[in-house]
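What follows is one structure encoded as structure tokens, with my remarks underneath.
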Amino acid sequence: KIYTRCELAAAMKRYGLDNYQGYSLGNWVCAARYESNYNTQATNRNSDGSTDYGILQINSRWWCNDGKTPGTRNLCHISCSALMGADIAPSVRCAKKIVSDGNGMNAWVAWRKHCKGTDVSKWIKDCKL
């Protein structure tokens, strides 16, 4: 599923991401925009052989099991394919674990590059939340 910006903001809010670990909703919507372009089916292969999955590009080396990444830790106890469904609840649950892991949203390269230190409120502007 490809979400619209405001549709995703509403879903993320419903699942409790607004101000989770102190990160406003705009941060999460911005991260999703630059990680997956709001597409739940996005995948990207990494040079280490792992793959990133779903709207927040969650990595198979650490967080989910795709059956092909050697030595996966699967810290979210989930199959990577479950992170690619139209319902973002599994991705949100795993993202909450990731953001609580010590590095906050710095775990997402796209967030560091494009969202960190910017006015992220624009990402939820004009959304009926």
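In case you wondered, yes, glycine gets a Cβ from its N, Cα and C as well.
Under the heading domain 'C-type lysozyme', Swiss-Prot lists 1-129, citing sequence analysis as support. Mean per-residue pLDDT, taken over the domain 'C-type lysozyme' (1-129), amounts to 98.
Listed in sequence order, the residues of the same chain lying 6 or more apart from Cys127 (disulfide bond) and placing their CB within less than 8 Å of its CB are Arg5, Cys6, Ala9, Ala10. The disulfide bond feature in Swiss-Prot is assigned to Cys6-Cys127 (among others).
Sequence-distant neighbours of Cys30 (disulfide bond) (same chain, 6+ apart, CB under 8 A from its CB) are Trp111, His114, Cys115, Thr118, Val120, Trp123. Here Swiss-Prot flags Cys30-Cys115 (among others) as disulfide bond, drawing on sequence analysis.
Summarising the annotation, Swiss-Prot assigns active site to Glu35 (among others). Taking the Cβ of Glu35 (active site) as reference, residues of its chain lying under 8 Å away and at least six apart in sequence are, in sequence order, Ala42, Asp52, Ile55, Leu56, Gln57, Trp108, Ala110, Trp111.
Annotated active site per Swiss-Prot: Asp52 (among others), in sequence order, evidence recorded as sequence analysis. In the three-state DSSP classification, Asp52 (active site) falls within a strand. Just so you know, the Cβ of Asp52 (active site) picks up 23 other Cβ atoms within 10 Å once every protein chain is counted.
Under the DSSP three-state reduction, Cys80 (disulfide bond) is assigned to helix. Summarising the annotation, Swiss-Prot assigns disulfide bond to Cys64-Cys80 (among others).
Other Cβ atoms within 10 Å of the Cβ of Cys76 (disulfide bond) number 22 in total over all chains. Positions annotated as disulfide bond by Swiss-Prot: Cys76-Cys94 (among others).
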Is it possible to list how many residues within the domain 'C-type lysozyme' (1-129) are helical, extended or coil according to DSSP? 53 helix, 14 strand, 62 coil
So which one is it: of the disulfide-bonded residues Cys64, Cys80, Cys115, which has the fewest other Cβ atoms within 10 Å? Cys115
Length of the line joining the Cα atoms of Cys76 (disulfide bond) and Cys64 (disulfide bond), in Å: 6
Within a 10 Å radius of its Cβ, which of these disulfide-bonded residues (Cys6, Cys94) has the fewest neighbouring Cβ atoms? Cys6
